[in-house]
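One structure is given here, and the rest of the page talks about it.
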Amino acid sequence: MKNKKYLQFGGIAAVILIVLFLVSLFSSDTRNFQEVDTSVAMAQLDAGNVAEAQIDDREQRVRLTLREPITVDEREGVEEILAQYPARTAPAIFEKVEASNTDSYTTNVTQESFLMSMLSFILPMVIIFGLLMFFLTRMQGGGMFGIGGSKAKQLTKDMPTNTFADVAGAEEAVDELHEIKDFLEDPTRYEALGAKIPRGVLLYGPPGTGKTLLARAVAGEAGVPFYSISGSDFVEMFVGVGASRVRDLFKQAKENSPCIIFVDEIDAVGRARGSGMGGGHDEREQTLNQLLVEMDGFGDRQGVILMAATNRPDVLDPALLRPGRFDRQIPVTNPDLRGREQILEVHAKGKPFAPDADIKALAKRTAGMSGADLANVLNEAALLTARVGGNVITADALEEATDRVVGGPRRSGKVISEKEKKVTAYHEGGHTLSAWALEDIERVYKVTILARGRTGGHAMTAQEDDKGMYNRNELFARLVFAMGGRSAEELVFGEPTTGASADIEMATKIARSMVTEYGMSPAVGMVKYGQEQGDPFSGRGGGGNLDHSQEVAATIDTEVQFLLDKAHEVSYSILAEYRDHLDRLAEKLLEKETLRRPDLEALFDDIVPRKVAEVFPDESTRFPRQENREPVKTPVELALERGEEPPKKFSILEASRATRERRRKELEAQGKLPVQPASSAGVAPAAGAAAGSYGTPPPADWSVPGSAGKHRSRAEEQPAEQGFPAQTPAQAPEQSPDSSGGRPNPYATPTASGEHPGMKAYGFGDSELMDQSTGAEHTPGNVSQESPTEMIGFRLPDHERSDYPEKAQKESVLDASETTEMPVVPDQPIDGDSGKSAEGTQENPENEGDNRG
């Protein structure tokens, strides 16, 4: 404040000085004199036409008042003239004036005033000093020309945003963020328990899982100012700009508190300190230090919540992750089976689907995909349909779109010789048959020899449920699966090819992980080896030396080689035993180019899968399984044996939903229900996502016409299930048009068409939920908005289609949410033509042949 006052006073003084200088400069007494040449003035003196004369010695000029007017430069009636003369001619001019017949003359010897002399010296100094102070002040604040100012964008109500209803497949993350919204809306409930709002929230997870979407949903739901900025916006070429932008950002936030700041890709500025190689000054460290101080330093940060997103939490500085800065760290992982179904249903809104399109089957085939991948699959399917002039998205379009996302587009123009095509058919057949003959690996869902992306073919497995834990036999079965292609080449042609390079790479990763990470090798033991000292540019040490001796490294290499050799032997023996099946499979592949599960079941109907034998010699000698003792049964297994309904596990997610619903009803009864932000245009609420408030709820016995009450709000049934007292009719608030704070009741009466008006608030009406002709219930993802008279869609060629009808999908006994997710070995695609994995692939251990390793 003092600096601002000094600057104001200095500016006023400078303006006054400038005005005085200009006044003294332009207030001259020679305005009425016409300036003429010196010769004209001398001629008037010689002619005696001068009445008065004045010599200004300092300015070296002479002013003459004439007796008779003259004409100067076509100007008539000039009576006063002024002329300049050189300094050395001053005596001659004086003699001329003295000799002329003038009435009077005078000599004016002027001296510069003290004020003018001081102005000529002080004014430039004041201007220079003022400019320096201006630039220095701008450097401390926003920087020169705004270089150091914050680039954060504040979202306003007019900007299109998302809501929690637009987020699917991340229910736990939504619930964690919903708590922040509740705290901002109703802090008294939390403050009564002494709770404080989290000061920082870090969203981390793989790319494409919806971290930024969650932040946009918070912006649409929070109801407070929301600032968004990228981590790279803090990094500039000028020293100190990053720290200045951090200060300016938090200054704006504090002025508008309570508010939320979202920093996307915070790893650009939040990497661990001490990672410089040359020992010099690191501008990023200065920015990070300022960020740490602003998040939890000596100053107050009341009412400012910092959200951040990154897919590299391992490189962040430990001081940034401690409680008090990021109190809550929320993982946003790839969705499970149920989450994929919800995401596909969200992105299926507005897309017409053919009757054979099955969203649930697509969700099972896309294990390991992120939400962005799933959205891309449906978009590719729509583009394929538009390319062929179709009006509905078919199952073939979904399958082709999945293959395009996984392995790339088809290379239809590639010329392949007959011999290479035959080698590819046997190579992929070796993978398929090796997996089919083992119990410890999923059956192959699809095998093809069509060139796609950088692969010449691939075999894909599809799991029934999401798995997160693998035993030794299951991992070894994947090694056998990977070695099947090379074994087929050796068995049939007698020589290997380069097509198995990606298979060898994937198998080596699995085998090395079994030995060095999972402790499955008796020779090495249960010790984690192979941990490098770290990346020298990540702040976690440098050098890259292994943390074990050369003798241990040799033992590890020996064990890895043993696993690969044994898997090679097992796959070779399987193919040699079922050589006839391999020939029939290769023949069918050469004919149809693509085979699916029904075709493979018909070819391999007489193959009995075997269990993997003992992997390591005498592996069960030291720690054998106790005989005649079985593990205990889970409550679900016991309930199924008794023919009872499986018990429902306690869920904090469901309990918090029930609490929010109960709180919503209380506020609704009091007429204090806050207005919920509308969902973004064109996006319907996701299944399983947090439901918004759309006015007074319908009666408890109301249901969609024809649905027998199936579509009642799930939140209405949860309180009693989660141990909360159910609301009795006597406790229910009276239903009235004004019970929600003056808003109209959308559930008042059905419309003339029979469709309840309240369903419009949820994104779809009765006509979308029910088939009016049959009364059958539709899945939202499989509903076409318009029913075309002739359905045209993308279809695969006849020779690529299955000769056998698809069998109904087997429902799993356990719900997909019962399984836990634990990262295992990332698998590689099984391709038969390239030594490199497919571009844009995913780490997916449970879907080994799905070309996403």
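Glycine too: its Cβ is placed from the backbone N, Cα and C atoms.
Lifted from Swiss-Prot, the feature list:
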type: BINDING; residues: Gly205, Pro206, Pro207, Gly208, Thr209, Gly210, Lys211, Thr212; note: ATP binding site
type: COMPBIAS; residues: 619-632; note: compositional bias 'Basic and acidic residues'
type: COMPBIAS; residues: 639-648; note: compositional bias 'Basic and acidic residues'
type: COMPBIAS; residues: 677-695; note: compositional bias 'Low complexity'
type: COMPBIAS; residues: 728-739; note: compositional bias 'Polar residues'
type: COMPBIAS; residues: 770-788; note: compositional bias 'Polar residues'
type: COMPBIAS; residues: 796-813; note: compositional bias 'Basic and acidic residues'
type: REGION; residues: 619-853; note: region 'Disordered'
type: TOPO_DOM; residues: 27-113; note: topological domain 'Extracellular'
type: TRANSMEM; residues: 6-26; note: transmembrane segment
type: TRANSMEM; residues: 114-134; note: transmembrane segment
Surrounding the recorded ATP site, with Cβ no more than 8 Å from the Cβ centroid of Gly205, Pro206, Pro207, Gly208, Thr209, Gly210, Lys211, Thr212 and those residues left out, we find Ala309, Asn311, Val332, Ser370, Gly371, Ala372
Filtered by Cβ under 8 Å and at least 6 apart in sequence, the residues in the chain of Thr209 (ATP binding site) near it are Ala170, Val332, Thr333, Asn334, Pro335, Ser370, Gly371, Ala372
Residues in the compositional bias 'Basic and acidic residues' (619-632) per DSSP class, helix first, strand next, coil last, are 0 helix, 0 strand, 14 coil
Over the topological domain 'Extracellular' (27-113) the mean pLDDT stands at 79
The most crowded of the binding-site residues Gly205, Pro206, Pro207, Gly208, Gly210, judged by neighbouring Cβ atoms within 10 Å of its own Cβ, is Gly210
Listed in sequence order, the residues of the same chain lying six or more positions from Lys211 (ATP binding site) whose CB sits under 8 Å from its CB are Leu203, Tyr204, Gly205, Ala309, Thr310, Asn311, Val332
Within the same chain, the residues at least 6 apart in sequence whose Cβ is under 8 angstroms from that of Thr212 (ATP binding site) are Asp264, Ala309
DSSP composition of the topological domain 'Extracellular' (27-113), residue counts helix/strand/coil, works out to 22 helix, 36 strand, 29 coil
